[in-house]
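Student: Got a structure here, written out as C-alpha cells. Questions coming.
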Amino acid sequence: MSWFTPEVIDVILTVLRAIVVLLAVVVCGALLSFVERRLLGWWQDRYGPNRVGPFGMFQIAADMLKMFFKEDWNPPFVDRVIFTLAPVVAMSALLIAFVVIPITPTWGVADLNIGLLFFFAMAGLSVYAVLFAGWSSNNKYALLGSLRASAQTVSYEVFLGLALMGVVVQVGSFNMRDIVEYQAQNLWFIIPQFFGFCTFFIAGVAVTHRHPFDQPEAEQELADGYHIEYAGMKWGMFFVGEYIGIILISALLVTLFFGGWHGPFGILPQLSFLWFALKTAFFIMLFILLRASIPRPRYDQVMDFSWKFCLPLTLINLLVTAAIVLYNTPAVAAQ
C-alpha cells in the first residue's frame, strides 16, 4: 500500500504552498523597511539610505545582519516567558492570516468558507501580543503604550468587521474566492461599497498601528511604546510584523474591494498574479505616503474619531446595503 495517496499529496502540496507564501511575505516585509526609507527620502526631498551598495540596496542586508548579531538580552525585571512569547504571537498571527487570501485563481493556501471570520480571529490575537509585551516589560511607558494599543485596536476592530458586512450581505458568503468571483461578474466593491472601503482602510491603518494612528509607539511621548525593552530578534519580529500587517491589509483591500486578481474590465486575465501584486503595491505605497504627509493627532482625537464618525458611518452603510439587497430579493419583491 502506497503512502502517497491523493489525500497525502494534497496535504503535502498545501504545506508547500503555505511555506512559499509565508516566506515570500516575510521577505517582502523585510524589504519594505528599505522601500519605505527610500520613498520617504524622495517625498521629503532628502537622500535616504544610499551608502551601502548601489542606490543603498544592500542597506537591508546590513540591517538584518545587525539584528541577527545583537545580543538577545532579557532585562532582569521582566516576566521572561510572556516577554518572549509576545513577539512570536504578534508575528505568527499576522502570517497565519495570509492563508485565506487567494492570490490567483489557482494559487492560495486554504479555501475556507469562513475566510473573513478567520482573518478577524487572527487580527484579534495581535491585541494580546501587544498587551503581553507591555505588561511583561514592567516598564510604565511600555504598559501605557500597550494599554493605548489595546483600546485603539478594540475600538477600530469593531468597524473593521462592520465595514465588510456590506460586502458579505451582497455576496452571501464569507469565502474570499466567492467575493472575488462576484466582483468579476459585477462591479468591483469599491463603487457600491465606497463608504465600507473608506472605513475599512482607516481601521486597517489603526489596527496596524501605522502613522497617523501610531499612538502606542509615539516616540515623542512614550519612548517607542510597548517594545521599549526589546532588542535583537525579539524587537525585529515586532518590526517586521508591522510591515507584514501593511501587506496583509493591502492584500485584503485588493481582494475585497478591487477585484482580487482580476484586471480592470477583464483585461489580460492571464496576468492574474501581476494584477494582484500591482494593486497590493499601490496600497502599500499609500500606507507609506500617509506617514510622510499627515501629522499625528492626539490620542483622544483618535478615539473620538472611531466612535463618533467611523462607527455611525459603517452602520449606515450596512443598513442601506441590507435594505437594497432585501428590496432586490425576488421572494421579497414578489410579495
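Think of each number as a place in line: the chain as shown, counted from 1.
Backbone N, Cα and C atoms are what each Cβ position is placed from, and that goes for glycine too.
According to Swiss-Prot, the feature transmembrane segment maps to 11-31, 81-101, 114-134, 154-174, 187-207, 238-258, 270-290, 307-327, an assignment based on sequence analysis.
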Student: Which residues of the same chain, at least 6 past either end of the transmembrane segment (270-290), have a Cβ under 8 Å from a Cβ in it?
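Tutor: The answer is 32, 35-36, 39-40, 43, 103-105, 107, 205, 208, 210-212, 246-247, 249-251, 253-254, 258, 260-263.
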Student: With Cβ distances under 8 Å as the criterion, find the stretch in 11-31, 81-101, 187-207, 238-258, 307-327 that has the most pairs with the transmembrane segment (154-174).
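Tutor: Result: 187-207.
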Student: Kindly say whether the transmembrane segment (187-207) and the transmembrane segment (307-327) touch, using the definition of 3 or more Cβ pairs under 8 Å where each pair is 6 or more positions apart.
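Tutor: Taking Cβ pairs at least 6 residues apart, the transmembrane segment (307-327) and the transmembrane segment (187-207) are in contact, with 3 or more under 8 Å.
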Student: For the transmembrane segment (81-101), find every same-chain residue at least 6 residues outside the stretch whose CB is under 8 Å from a CB in it, and list them.
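Tutor: Long-range Cβ neighbours of the transmembrane segment (81-101): 18, 21-22, 25-26, 74, 108-110, 112, 115-116, 118-119, 122-123, 125-126, 128-130, 132-133, 135-137, 176, 227, 229-230, 234-235, 237-238, 240-241, 244-245, 248, 251-252, 255.
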